[in-house]
Every structure is written in structure tokens, then in C-alpha cells.
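What follows is a set of notes on a single structure, which appears directly below.
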Amino acid sequence: MSPGREDSKQIFGRELGSPMLFSVIYTVIASAIYICLGVVAGYALGLTPVVFLIGGLMFVLAAMTYVEGSSLHQERGGSTVFARFAFNELWSFIAGWAILLDYVILLAAASLSATSYLQAFWERLGEGAFETVLIVGILLYVAVRNIRGFSTRRSRRIALLVVADIVLQVALIVLGLVFLFEPGTLTSSINFGTTPTLQHVIAALGIATVVSTGLESASGLSGEVGVGRSGLRRLVTSSSLTVIIVYTGIALVAISAQPVIGGTTRLSTKFKDAPMLGIADGFDQQWLSQGSKFAIAAIAVVTLIAAANSTMLGLSRLAYSLSTHRQIPSALGRLHPTRFTPWALIVLATGVAIGLAVPGDLTLLLNVYAFGALLGLTIAHASVVRLRITEPDRPRPYSMPFNLPIRGKLIPLPAVAGMVLSALIWVSVVVTHASARWVGVGWMAAGLLLYLVYRLSSGKSLTRRVTVPREALRGEHTEVEFGALLVPVTGSALDDDIMQTAGRLAAEAGEEEGFDGESRIEAIWVTEVPMALPIDARLPADEGQRAKAALSRAKAVGEEYDNVQVDTSRVRGRRAGQTIIAEAKRRGVQAIVLAAEEPTRIGGGVRFGGGSSSDLVIGHTARYVLENADCSVIVTAPSSGDRPVSAGDLPEGQPEPS
């Protein structure tokens, strides 16, 4: 049985459906063909269809990973979100920073290729000042559209474009197979190891992964889509089949139209920046050649601009995620005061993309792209594998098939295969391509330096999760109010400190103008039940006595504050940290208040012996809750001299909680 399987009617998200997700993914799929076919053909030569077939299969693996990860944690950000929950904030930043590089490169490549396709209408549009003006104009248009925000009207136009492009691609494949395809010509040019070399085939595979950026862009819509389990399965199936058919079919037709002669193909020379025009050029029939030329050029330009829009959408949402988690300076993620889009980073990315596109070196751009894409894919696959281990019981609206049970966990073989394959190709690209190595490593080094300086200068941990409220990114100052708090108690005297902290916060919220009723504190006692026992197993009477004493004391301390109501309860779970987070979500609290770790005789840390298991659990739990909670977490530092509460410590006249 797949992990976390629930009712088939479970809904993932709110507003957009799977057709919209498919449209966002497809615009990048189509643009990948329009952009990288020529460069890939220059490396892979006669093996170009094989390379695109393998690239399509890698997309299938990536699609399963991204859909499972995005449905598991429905937050904006794709691989950076997966890594945040699977590992920590540092790995999350590494994934996000690598994908940011890809987004900027894809913006540059899309605008550069669009001007090259416009040459079909007038040759000078892809030359000199005309080309520069068009590149700047396209990227400024994309920036303005994304600062203004995504609209449902825009989504309908994208859907119509997707239909038109699919019709064109299928027509080209059918016509190409009828008029151009000759198996003998295709295979006669292949001498693997020489034409092409293994090094060049690996480079081509890395570039073919440009299609995966569509998955990252679509992941930016997590939490805003209304897709059930069956819809997610259809999304994976439809996008995967589309990639394999279009990728392989177009590559087969293109290399047939411009075959390899003397170790090269005109797809990588004359048609390198607009390779799909090479298919039109290959038709002998004048009417077919001219008609397909203008059809390809028109749809290519519109599709590339749409892909740039999808890319900027992904970039802006990733930037927002990085900013709200203090992984990049909040100033970079500053939101527009009325549109609520991260305009500062959109403007910055547009400027960088213009600088990359104007020199016109598409091969360099795509080689560097492979560095970031493969690194991001590797981390995404690894994160989903680890989440199967660390969060096996979390509900998954979609779980990828083909799982291997290991020590009670279902390990997803597609994600493992994708992780290994992506990592191997990434290492090969880094070793064999100096441009990818130095630009990619330089980008990552600069990002890590920014992350280290920013986090350490603000006194933040490099690995723990920290969030910034949306109002801060809009330049607004708001007082934080906590009218509903969750407080896990453990039976130590430190419970008084955390209940007093919670009581003060709750009382302050109750004093705010417009606040109706009493503030609420949910004091809970978490009992960890080992896997060897059923969750409702009968536990020793001593556990119940200690829980009642601790909860009674917590209620007495908390209700000393005006307009504060303390509700107490006992909960069971396999792991305290996961149970606390689950209870916080279920009860809808605004913050969790807990102790950093249990005190010792020398002022903090583990006890070095002594104390019961529940005395120790809060120390281990605090770190997990800090890193994984969706709400605010307030930590009360311990002091020395604390001791456990016993049943005899009940306040006089205070009834035991039920």
C-alpha cells in the first residue's frame, strides 16, 4: 500500500486545476524543444533522438517526484520546499539558489531564441541593434506582466496556446515521418565513441533536462490548485507521455531533415538558435516548407514568451519562499504594495537575464543551465526519498508507484533512480565542461556566502527554519498577537516558565481593541507510544498521575492571567515532535510555546543520566518543532534548579483534569 494513502476524493489545494498545471508545464516543455534542439544535436549528432528519449524518461521520474513532494507539502518553491522538510534550511537554500540560476538562464535563452525565430519574417530582427531591442522588450514585457500578477484570463490564453502548439508539433512529427524519415541515413552517421563521443552525449543529456524547469514553475502554484488524487495521476501521465512523444518525435524528424554530414548537422550551425526552422527547411515541397516555416516561427515566438512568463512566475514564487524563510535578504523579496508580487527580485532577474542574453551565446547558457538543473533534480529526488523515511505516515494525495519495502518504509524506486542518474550526469558535466564548472560553482559559492553572512549577521541558525511575515515583505509593521497557543508540558518546574510566557502573550492579545472573548491556551501532555504497542495500549498508572499533575499545574498558572482560558488534554503519538505539530494544525493555534531543552545541574543540556523518558523528550522535540512547524514557535530558555512535578505538587483546591 502506498504511504499516506487516503480517500480518493482528497483534494490538494484550492483554485486552479490540473489543466492549468499542465499548461504551465507544457509551455516550458515546448520551449525546451525550440531552444535546445540545435545545441543538443551539435553534441549528440545521430544519437539526438536517443538523448531526447532518455531526457523524456528522466522527466517522467522527475514528474513523479515533484507531484508527490508538492502534494505532501503544499508550499511554494518546489525542490527548495522538499529539501526544507527532508533535510534543513541550508540544503533548501542550495536547491533554491541552483534553480534561481536556471530560471534566469531560461529567461535569457527564451528571449534570445524568440528573436532568432522572428528572423523567419525579417532577417534583420535577429541581428545587431534590432535583436538587442527585441530581447530587452520581451524581458521587460515579461517583468511587467509578472509584477502585475497572474490572472485567470491569462491562464485561458495559455491553454489555447498549448492546444495550438500540440497540434503543430504532432503535425510536424507526422509530416516528417512521411516525407523526411530514412532509417538508413539516420543510423549510418552513428559511430559511438567518435561521432558522437561519450563526453558529448553526457553534455547533451544535461542540456535536455531543461524540460524539468516546467515542473519547478508548476510547483510554485502549490496550495493554489484544486486537484484530487486521480487528477494528479492524470497530470503525471499526460505530461510524461507528451514529453516522450514530442521530445523523441521532433528530434527524430529534425535529425532526418538536417542529417549528420561530416560529423556535423546544420541544426547546430545555421539553425542553432532557431532549430525548429531546420525541419521546415528540410521539406522538398515548396508549399510545405514555406507554410511550416511561418507556422513554426509564429507559434515558437508566442510559446517562448509564454515560457518566459511561466519561468518568471516560478522565479518570483521561489524568491518569495526564500525571502519568507530568511534564506535571502528580505529586501530582495520585497512585495509590491498593491499587487503583492516580489517586484524587487523580478526587476533584478530581468536585468541579469538581459545581460546574459545580449551576447547571444546560447551554447554557453545551456551548458551552465545543466549545472543548476541537475543539482536541483538530485536534491529533489533525494528529498522525496528521505521524506518517505522521516514522514511515512503523512497523508500523500499522490504517491509514486514502484516502491521497495525496507525496514518498514516504502522507498520509491523512481526517485532513487532519478537521484542516481541526475547526480552522475551532474558530476560528468562539472568535470568535462569548464564553463558549467566555473560559472556554476561561482554562482553557488556567491550564494552560500550571501546565505552565511545574512544568517549569521542576524543571529540565525544556518539549518533551522525561520519565517518572515508577509507584512514585513510589504514594508508594513504589525504587532504580533497570539490569541491561541499550544503548550506541551513535561512535568518539570520549567512548565511554570513556559505557561507564564504563554499567559503573558495570551493576555496581551486579549487586551487588544476589537478582540472578542478570552484568549486560549491549549496545554497538552504528549505520551510517546512505542511502535511495539498499539496506539491505544493501556499504559502504567504512573504515567497518568504525572500527566494529571502537570496539566493541573499548567492550568492554574495560565489562568492567573486575565481573560485567559487554559484547556488541558492528553494526546498520544509515536513521536512527540510530529504529534505536537499535528495538534497545532488540528487546533488552529497561532504559536507553539515550549522549552529549548531540559536543564541540568550545570545550567542546561542533557541530564547525563537520571530523569524519565518524558523528561528528556522535550529537549529532542524542540529542534524538530522549530524546523518543521508551520506556525510560530516560541522557545523559553531553561534555568537551573528545576525538578519534576509529582502528584503531590497539585495546587491546593485545584481539580485534576479529565
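Each Cβ is built from the backbone N, Cα and C atoms, and glycine gets one as well.
Unlike curated entries, TrEMBL annotations are predicted automatically.
These figures come from a predicted structure and were not determined experimentally.
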Among ranges 201-223, 477-499, 523-545, whichever one TrEMBL labels transmembrane segment:
201-223
Does the transmembrane segment (435-454) reach the transmembrane segment (364-389), going by 3 or more CB pairs under 8 Å (6 or more apart in sequence)?
yes
Please give the average pLDDT for the domain 'UspA' (485-635) in this predicted model.
75
Can you name the far-off residues of the same chain, 6+ from the ends of the transmembrane segment (364-389), with a Cβ under 8 Å from a Cβ of it?
3, 35-36, 39, 58, 61-62, 65-66, 68-69, 72, 78-79, 82-83, 85-87, 91, 94-95, 98-102, 105-106, 108-109, 112, 203, 206-207, 209-210, 212-213, 216, 356-357, 400, 409-412, 415-416, 418-419, 422-423, 425-426, 429-430, 433, 435-437, 439-440, 443-444
Maximum Cβ pairs under 8 Å to the transmembrane segment (50-69) - stretch from the list 90-109, 129-147, 159-181, 235-257, 340-358:
235-257
With CB pairs under 8 Å as the measure, which of the listed stretches 129-147, 159-181, 235-257, 294-320, 410-429 comes out on top against the transmembrane segment (340-358)?
129-147
If we skip the immediate neighbours and take only residues 6+ beyond the ends of the transmembrane segment (159-181), which ones have a Cβ under 8 Å from one of its Cβ atoms?
19-20, 22-23, 26-27, 30, 33, 242, 245-246, 249-250, 252-254, 256-257, 276, 279, 282-285, 288, 292, 295-296, 299, 302-303, 306
